[in-house]
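Okay, so here's the structure we're looking at.
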């Protein structure tokens, strides 16, 4: 049975509902969520250890992969333990400061992940289309500058959003109909008009999602054009397989996140649990599968794992 929430909650404390309308299934929902989190921890930690331990993997491609692994670990850890606490122990309470911190980490690291995915697509474009100049184009200072740029972009875009929400007065009952502190769900508690914050968050998400996915699509289009010129059918099949798996995983990151945000913003007539589950999918599935798709399927990583073992 769904558990009740206090209706006279201090505004220094909020309560998360988990998956609205599916509270009676929380124990079942927690099983795949827990498995994905454990896979995320094991896969990304292993990837980082292997790349650090093997000097032959200290190349731009694997440096970007290390950035992605760190981002995935932080992003997943910022929400999953609390979600599992809700599902298993009905631990719905979260302080306002902790909620805003969680919100900042989730959305800032999502923007960072998007930037790193663009960098990885550019890395593959240079490696395939201009291999002789690969190491002269993507030098260590260039890789570090790209990583710093993705960090600064996330801070610049997300800091104003968190600051705006922090200044808004929130009304009781302080119940957030979500499994984590998603900014639009928290904005529903605002006692005054939050149209500017809503518009700002939607604009930033649309810009990051559309601009970055366009750059990724352009990079892979150029890669596929180069692949089609290969004389070996086996090489073409392998390249198509790699590109298609990358693009499917990238779509799982962008599409559910944007869909959940637009559904929340424009109040589509869909059950609320669908919007919440979509928001959870884009934060849980890609971090679990990134080490497999970008790492284990790469021969150098497999060889590095064998060396470490």
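In case you wondered, yes, glycine gets a Cβ from its N, Cα and C as well.
Here TrEMBL flags 43-294 as domain 'G-protein coupled receptors family 1 profile'.
Per TrEMBL, transmembrane segment is recorded for 28-50 (among others).
Residues annotated as transmembrane segment in TrEMBL: 62-84 (among others).
Feature annotation from TrEMBL assigns transmembrane segment to 104-122 (among others).
Annotated transmembrane segment per TrEMBL: 134-156 (among others), in sequence order. Distant neighbours of the transmembrane segment (134-156): 59-60, 63-64, 67, 108-109, 111-112, 115-116, 119, 123, 126-127; these residues of the same chain sit at least 6 beyond its ends, with a Cβ under 8 Å from one of its Cβ atoms.
Residues or ranges marked as transmembrane segment in TrEMBL: 207-228 (among others).
Per TrEMBL, the feature transmembrane segment maps to 240-262 (among others).
Positions annotated as transmembrane segment by TrEMBL: 274-294 (among others).
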Would the transmembrane segment (104-122) count as touching the transmembrane segment (28-50), if touching means at least three Cβ pairs under 8 Å and pairs must be 6 or more apart in sequence?
no
Please figure out which one of 28-50, 62-84, 274-294 racks up the most CB pairs under 8 Å against the transmembrane segment (240-262).
274-294
